[in-house]
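Below you'll find the structure, written out as structure tokens, and then a few comments.
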Amino acid sequence: MRRNRFLLSGNLHGGSVVASYPYDDSPTHRPTGVYSKSADDEVFKYLAKAYASHHPIMRTGKPNCPGEEGETFPDGITNGAQWYDVEGGMQDYNYVWANCFEITLELSCCKYPLTSELPKEWANNRESLLAFIEKVHIGVKGFVRDAVTGAGLDNATIAVAGIAHNITAGKFGDYHRLLVPGTYNLTAFVMGYTPVTKENIEVKEGDATEVNFSLQPTVMPPAPNVTQLTAAPAPVTAITPTPVQAEPPNPTSVHQPIQPVDFRHHHFSDMEIFLRRYANEYPNITRLYSVGKSVELRELYVMEISDNPGVHEAGEPEFKYIGNMHGNEVVGRELLLNLIEYLCKNFGTDPEVTDLVQSTRIHIMPSMNPDGYEKSQEGDKGGTVGRNNSNNYDLNRNFPDQFVHVTDPPQPETRAVMAWLKSYPFVLSANLHGGSLVVNYPFDDDEQGVAIYSKSPDDAVFQKLALAYSKENAKMYQGSPCKDMYPSEYFPHGITNGAQWYNVPGGMQDWNYLHTNCFEVTIELGCVKYPKAEELPKYWAQNRRSLLQFMKQVHQGVWGFVLDAVDKRGILNATISVANIDHPVTTYKDGDFWRLLVPGMYRITASARGYDPLTKLVEVDSKGGVQVNFTLSRTDSKVEEGKVLVLNTPDTSNPNEKEFETLIKDLSAENGLERLLLTSSRDVAPYRYRPYKDLSEFLRGLNLNYPHITNLTSLGQSVEFRQIWSLEISNKPNESEPEEPKIRFVAGIHGNAPVGTELLLTLAEFLCMNYKKNAAVTKLIDRTRITIVPSLNPDGREIAQERGCTSKIGQTNAHGRDLDTDFTSNYTQYSVAREPETKAIMENLILKQDFSLSVALDGGSLLVTYPYDKPTQSVGNKETLKHLASLYANNHPVMHLGQPGCPNKSDENIPGGVIRGSEWHSHLGSMKDFSVTFGHCPEITVYTGCCFFPSAGQLPGLWADHRKSLLSMLVEVHKGVHGIVQDKSGRAISKAAIVLNEGLRVYTKEGGYFHVLLAPGFHSIDAIASGYQQKHVKVFVRDDAPSSVFIVFDTENRIFGLPRELVVTVAGASMSALVLTACIIWCVCSIKSNRHKDGFHRLRQHHDDYEDEIRMMSTGSKKSLLSHEFQDETDTEEETLYSSKH
């Protein structure tokens, strides 16, 4: 209440019908009958009447509550203490301790009325509620400002003559004071200023009267020191604790940059205010953000400085400085704050600063170890107090190492920074330390663990980068920094190889180089770790030029774009290799890359999966970066005859399709999901666990509040008859939309691991709350069918125990069966009795075979597994399944690091945080195996954390860790291959088999639609349908956009249910046989006929008088012959004649 500066409030109760106002108790605390009047009694009565007068029962003053029929309240209002004494009431606290006026409203005699009574209660109170809200505008309002500067005066006091209750102004000097109509004298005052009184201020009914105050400071501020911008600097040895003076005028320019004036040690709160101040004062070039929290929950702040803050500009390199990794090494922390001030104040006026900010995206983290800093002590020269974080771990020994296995558990600061470095395409970086004066470059350790030169593939580049800093620092360049502390220490030109100086396993600079595209060096800024504040100007003078020159090195070497030859779009994660330097870098979302190199001639190759590599000969000089672009052609090994090459170009003729494709690409880009979360109207976070009853009510609440985008159904019941709920989220939840991809999220298969349940409930609320509020979320819901099953094993969940990190209580269902072993691994065994929970999700979800992706959430580690869990099962589409699992892990801040760090397996290493199920914990009858085999849907299992059932206090952090990964699945389900199968007439063909890469098989849905997720690259598709000729196509799948395929079957391939070739062959053979038979019959008939004719001829010669009779006999013989050939013994004479005619 005190933080949000509320002005007016109503506290809604039940048990009577009256508006009660302060005070609620009296000094005597008599139970009833004492009118306890506040200083603003008239205002409170006015406010109470505003509510009561619009309420049909309250305004009568006669609630007629059962048992209190004689109780009356004039005008429907009462002083609280006069009604009955209430100590510790909220309305009195609001008035006394905040600027807020609150009254208590008793709304009905019945405290918990029937649901059927609620419409009547709404009708009774609607006008009262609105009328009361309108009263927030009464009284006086305005600003209290400094008369000299015009700045608002925070916490200025506003007093009203005759009313012993003052209010205070907000941080901008704004105030609002509730008053009833009348004439008042107002006074504004604040320490250090002369009070001002304004008399006879008339307050009228309605909107507040505006009254502004300008207060004169009692002591005028000193005039600016004009000599600050023109005087020459004193020698380094003579610098005093006054603000640093500017450099002497440059012969070619009269402009001199503005130097920092804020030289002091900044504790966390002071640093936080400093950063917020500059982010507020320079919003066009700054963005303040946090990458995570320390052990003690201090923010790990980063200030971004760029001409387009918050946006990665294609082709613009990104740079970072990190300070205060060791809490007691503070010079870097203060220098980076000075640098922020310097860049902000000089942008737009100083050419060097302006060019740097316009051409570079700069990220500055002043303190990586804020907890350690708070423990360290000013004046510490070489101590260790505050060096480590609050868990007493050295953060610069906490990163995964190439030579040594780091056994210390990853710290929150380390994990946050690693996730940060994976999220931005950093090119160059420096880590600022203290305790010596030298630039230290990779590698920091070696295989032997001894002090020896450990050369990286880019040793020449690192030496050049280190010299770029040391040359600008005269004392550092001399190479003998700390003679009184380390008299024998010498660094030629002020630089050194890290391992040659001393061995540092688990260092941050090596991790940058080995796991990202970023080149990082470590800079020791002085022999004293925590110098006195008066010495800070000296450090700025020594290092200012070095800090600027080092940033400029980000533009050296080569840079450019890797583009697709067909659509000219950038190719993400293409590899840039330099001949003879074993250190490739990769492209960012627009295909842009940066590769630091020293001057020379290089053979540079760009390659990407699914493309032919391209090599160019490039000359790099010392004048700056050389732009080199690569246009890659897709690998199209000769397309086999009868096979069609289909590109991944979606149908973008529809503007809505084009817009959605752009959204998917934007969300797939680095920081795309972060931007979605930042622009969401409101994030939600779980704060408690919900047992079955609360879970059911929560789901019903979502359905009732968002009926147009949700549908709540029960898949079945558990052993103990609890419902297994399924919540669908879609813009048309009760309609069939086969063209839209479906994704399901399932949690709680093990009741003792309920984190997944809470994450899914939070995801559901997040999506619903942001529908029609956030454009990206709205489009995702409009184009996706999302099914959420938050608890598959509600019986086990009911007996599981919070903080049971390793407890197995609740893991199984009420029959004692582990449900993840109850899914049949052999379809022929499906008739075997199954547990009711298993049967419910099998029959009502999985076997529907219409999902494109499934994500199951479990607990007990921090990783993702993909099919199969069955140990002997071969994986036909391993690349796709692994790709989906990796996508989830890579969007999690630490999962992708592959070190779950679970107490029982502290040394477990899972590369990329992803592993095949059977290689981790093999077992039969798992849900994901069944989903892939019989549901034709890829499923991954996410293990949300080491603890099965962590405390509820950890839920907000777990949501923060997993929300980006969960949302990435909603984006990924729109990729892969979308297709339609039709025949030549345009008729959609459903239930056609779509065979991918001669293995994986899915089937077309209603409307001929199909959708399948595939790893990026080329894939072959065979379409098979009964009665049609098989079709073969080839498709290229991108990692940031969907691919579309339109398949048309040319001709039917079956006649009478038989293959066309067989039918044609048989028909041809049959026709040949018929012709041959006809010929034989004709020949036989001809021979017989000739014999008859020969006999008749002889008879005619000798018996001419019998000619007519003989002719009739000849005709009868022919009919008899033909009839005998085809006639059945049962044929009648009519049937024989019909057969002869046909």
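Here the Cβ of each residue, glycine as well, is placed from N, Cα and C on the backbone.
Bear in mind that the values here come from a model prediction, so they are computed numbers and not experimental data.
What TrEMBL records for Glu106 (among others) is active site, proton donor/acceptor.
Cβ neighbour count for Glu524 (active site, proton donor/acceptor): 26 (other Cβ atoms within 10 Å of its Cβ, all protein chains included). The active site, proton donor/acceptor feature in TrEMBL is assigned to Glu524 (among others).
Outside the compositional bias 'Basic and acidic residues' (372-381) by six or more residues, the chain places 265, 267-268, 324, 326-328, 330, 333, 387-390, 485, 527-533 with a CB less than 8 A from a CB of the stretch. Residues annotated as compositional bias 'Basic and acidic residues' in TrEMBL: 372-381.
With DSSP classes pooled into helix, strand and coil, the tally for the domain 'Peptidase M14' (1-136) is 52 helix, 21 strand, 63 coil. Taken from TrEMBL, the feature domain 'Peptidase M14' applies to 1-136 (among others).
If you look up TrEMBL, you'll see 264-554 (among others) marked as domain 'Peptidase M14'.
The domain 'Peptidase M14' annotation in TrEMBL covers 688-973 (among others).
Taken from TrEMBL, the feature region 'Disordered' covers 367-392 (among others).
Sequence annotations record features per position, and here TrEMBL assigns region 'Disordered' to 1120-1142 (among others).
Residues or ranges marked as transmembrane segment in TrEMBL: 1062-1085.
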Message: Give me the long-range Cβ neighbours of Glu106 (active site, proton donor/acceptor): same chain, 6+ apart, Cβ under 8 Å, in sequence order.
response: His13, Gly14, Gly15, Ser16, Val17, Val18, Ala19, Ser20, Pro63
Task: Compute the average pLDDT of the predicted model within the domain 'Peptidase M14' (264-554).
output: 93
- request: Take the region 'Disordered' (367-392) and count its residues per DSSP category (helix H/G/I, strand E/B, coil), listing them in that order.
  value: 6 helix, 0 strand, 20 coil
